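Undergrad: Got a structure for you, written out below as structure tokens; questions coming shortly.
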């Protein structure tokens, strides 16, 4: 294994851009943070599942992608096209002033129910596999084998940082994070990051 800071940073930015977009998983983490219910359990499940899916995607897709130069080209250009569309969609969501409604008054939720809910949200969402396994796996798998651990580490670090910040910040900033303007900023930053990464992927 050779730690590559450039690969690590690209994976960090790519994964951050993907998971920062408004979605069911983020909404549930935000809800648990605002309502102060089973937050650590929720974060642990999100981070662990992300790490496992990222690793499986990079290693599995990596073997497939590196077996063919054509597949490597498809992974690069397909990933860039996906990032471009996703980035533009984030900007469109920002301009539409989409809202993310989270009830501040908590409804009692058992630990088992919280566990089953976040697992269902994480594993039964097709976008999770498209983003984490297919997109991240294809891009990460296109790097030489010694650099793939750096990609996995970067992507997993983004997941760890984002979910931790989102969950714990929600406890202290629930009044602000439940406002549409906060997610407009997140959508705007997400869109810009994804467009930048799409360009860097094409130029690489």
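For all residues, glycine too, the Cβ spot is worked out from N, Cα and C.
Below are the features I grabbed from TrEMBL:
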type     : residues : note
TRANSMEM : 6-28     : transmembrane segment
TRANSMEM : 40-64    : transmembrane segment
TRANSMEM : 70-88    : transmembrane segment
TRANSMEM : 109-130  : transmembrane segment
TRANSMEM : 150-170  : transmembrane segment
TRANSMEM : 182-203  : transmembrane segment
Undergrad: Determine which residues of the chain contact the transmembrane segment (40-64) at the Cβ level, with the cut-off under 8 Å and only residues 6 or more beyond its ends counted.
TA: 15, 19, 25, 28-29, 32, 71, 75, 111, 114-115, 118-119, 122-123, 128-129, 132-134, 136-138, 140-143, 145, 148, 151-152, 155-156, 159-160, 163-164, 167
Undergrad: Can you tell me which parts of the same chain pack against the transmembrane segment (109-130), counting only residues 6+ beyond its ends and a CB-CB cutoff under 8 A?
TA: 23-25, 28-29, 32, 37-38, 41-42, 45-46, 49-50, 53
